[in-house]
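Feature annotations, reproduced from TrEMBL:
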DISULFID  Cys205-Cys226  disulfide bond
DISULFID  Cys304-Cys325  disulfide bond
DOMAIN    37-155  domain 'Ig-like'
DOMAIN    159-254  domain 'Link'
DOMAIN    259-351  domain 'Link'
SIGNAL    1-15  signal peptide
Amino acid sequence: MKSLLFLVLISVCWAEPHPSNSSLENERIIHIQENGPRLLVVAEQAKLFSHRGGNVTLPCKFYHEHTSTAGSGNHKIRVKWTKLTSDYLKEVDVFVAMGHHRKSYGNYQGRVFLRESSENDASLIITNIILEDYGRYKCEVIEGLEDDTAVVALNLEGVVFPYSPRLGRYNLNFHEAQRACLDQDSVIASFDQLYDAWRSGMDWCNAGWLSDGSVQYPITKPREPCGGKNTVPGVRNYGFWDKEKSRYDVFCFTSNFNGRFYYLIHPTKLTYDEAVQACLKDGAQIAKVGQIFAAWKLLGYDRCDAGWLADGSVRYPISRPRKRCSPNEAAVRFVGFPDKKHKLYGVYCFRAYN
């Protein structure tokens, strides 16, 4: 569009008397304005932070460079919001508006609206934010042959955690990794999310899938089994692998939740099936791995009792390291995947708010 605009140059000319010599009646100063008023699209903030279940406004306003007005009046303004993907050749449609016509797409339907606080306001309101809303958004404004864009990043507060299934280490292809995260109340993490987690001290030696199809892992304490003890700390990158055939762990991302996470006080320890039923009897469901990580990281949940989770694993969250309860670090401690029929543990439950 912009290349076409470059080729179609519209010149606006006008004349006025020369101010310094009134006797030169036929002399004029010629003003030339090429291309007319140029359309500009501006985002007042390049990055915003929110959380799952919240609302956010992605800022976007448009102007004409030479007139400081919202539009020339000759053409209808078309506003289009898209979400950028890790493959920069692809975009996901979010919202389009032209005149009185409005259309939203996919899981954004019913959740996105234009703010329209003024005639040049194209800001997008996203309500009831979900984990998949994380990412970079492009605001494009089109008027006739002119158009311009601005990009806004939406970050979510949350926690990245490594995940491997009951089968053990390196057993997930990319698509199975995506499903594994969804099953645990999370989504597959992006590189930026993993990088932020590494900067916050995350150290994990097993390589895992990320949302762009790459396989990476974060190291804060270099050592022989993890790239060598003489290497520098960082996020190690295995590169991009076959999404169908290659198998690794996965890094998942989750945010806060609309509910209550808790350890169920019960007179006896339970098998897995008994734990599931005990949560149901208490008006809840057995908690997921993403929920125990969110409660630990975002709410400071601390409990030294090992308990069943929905995937059949047994874990417990420690926010205050102490003797016999993760003495060296705050962490969600992983006990393993015990025999569901014979091993006895407590249980962590989750009750969603209406």
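Even glycines carry a Cβ here, placed using N, Cα and C.
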If you count Cβ atoms within 10 Å of each one, which of the disulfide-bonded residues Cys226, Cys304 comes out on top?
Cys226
Rounded to the nearest Å, what's the C-alpha distance separating Cys205 (disulfide bond) and Cys325 (disulfide bond)? Just drop the number here, would you?
22
Tertiary neighbours of Cys325 (disulfide bond) (same chain, Cβ under 8 Å, six or more apart):
Cys304, Tyr316, Ile318
Other CB atoms within 10 A, centred on Cys205 (disulfide bond):
14
Averaged pLDDT score, the domain 'Ig-like' (37-155):
91
Treating G and I as helix alongside H, and B as strand alongside E, what does DSSP give for the domain 'Ig-like' (37-155) in helix, strand and coil?
6 helix, 61 strand, 52 coil
